[in-house]
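*Asks:* Annotations for this protein, taken from TrEMBL, read as follows:
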MOD_RES   LYS195  N6-(pyridoxal phosphate)lysine
ACT_SITE  LYS195  active site, proton acceptor
Amino acid sequence: MINTTYKKRVFLSSPHMSGDELRYIKEAFDTNWIAPLGPNVDEFEKEIAEYVGANEAVAVSSGTAAIHLALSLLNVKKGDKVFCSSLTFIASANPIIYQGAEPVFIDSEPVTWNMSPDALEKAFKDASDEGNLPKAVIVVNLYGQSAKMDEITSICDHYNVPMIEDAAESIGSTYKGKASGTFGQFGIYSFNGNKIITTSSGGMLISNDTGALKKARFLATQARDPAPHYQHSNIGFNYRMSNILAGVGRAQLRVLDERVKARRNIFNRYYQELANLPGFYFMPELENTFSNRWLTALTINEEEAGVSVGELLKALTEENIEARPVWKPLHMQPIFQGVKYYPHGENENISEYLFINGICLPSGSNLNEDDQTRIINCIKDTVSIGNERKRYV
Ligand SMILES: *Cc1c(COP(=O)(O)O)cnc(C)c1O
């Protein structure tokens, strides 16, 4: 056993406060706006909508809640199908199950690591032949990188099926100059503690359809009919963001561009130091897109590199450094056993390859240069030990 307690812990992505959050929280306390809703919520919604260029935004308790609301607004219900990226965090798909609907998982393509238009087209073709089109498509922008939006929106438009953009990880990113999250009928952001900006816990639903967002507000506050007594004709949710947390969000949004810059700098340094190692392939940035580089992700070709992802993860853990494999594809999750899945090509299973060979390195905007040096050196050492060993067997 190696004792790691004396080695400073480095987190994958930890909250990074601006210093201004307490001012907004204090304002909420001074005016006794401790309730969910209040002036910080209203302002935070306006500021986000303006930042991303959407008509309106609704602040909610989590990114998961925002996806659930979007599916409710699209009337997804029992027996419906929803197409969803396979390579993602399970929160992208759980709301499909909450609605009693059935997910169909779509593989990634190698350039963006996101939803493969080829696999999506094939899934649509089969669904169309069966006369059972999906009610919605959930497209994820992994680690800040936008999916191939032109291709995906054109397929969805062709079949006239609405798209929900899961931009939980990609606020601050753009595709052809347009903000990530604004390509679907609905977009969602997450402000969970590990995201690029955080309210400790929170999310946002955005859309240009202001009528739908009015309904989202209604559903997110227990679906109260307009009556002085408590009257309900629908089943709603308790999904609104608290006025205190919205204050944190307002201060965070002001430094979002700085946070993006910091994460991109971290990526660039990893790239400079490690990209020339044999078998190291960094997650690409699609042409005409700008990634917030929420997490630096790369794949390692074990044969070329002389080490496996598992060995690297073990070495980093021993240095008290938190690194992670890439998301485990949802079609490989025990809970989704038997769920339909469309690979990128007949013999091309991109998400499984990325999961088996991928690694995410610590990328927090508050990661300092010395700690990043520690990470880089640990990786270089592990690679040279691996190659040394290879030479003698
Ligand atoms: C974080 C995340 C979510 C869920 O957001 P929460 O605010 O934690 O509910 C959804 N999708 C993706 C891709 C995420 O990374």
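Here the Cβ of each residue, glycine as well, is placed from N, Cα and C on the backbone.
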*Asks:* In three-state terms from DSSP, label LYS195 (N6-(pyridoxal phosphate)lysine) for me.
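*Replies:* Where LYS195 (N6-(pyridoxal phosphate)lysine) sits, the three-state DSSP reduction gives coil.
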*Asks:* Please give me the CB contact count at 10 A for LYS195 (N6-(pyridoxal phosphate)lysine), counting all chains in the structure.
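*Replies:* Within a 10 Å radius of the Cβ of LYS195 (N6-(pyridoxal phosphate)lysine) lie 23 other Cβ atoms.
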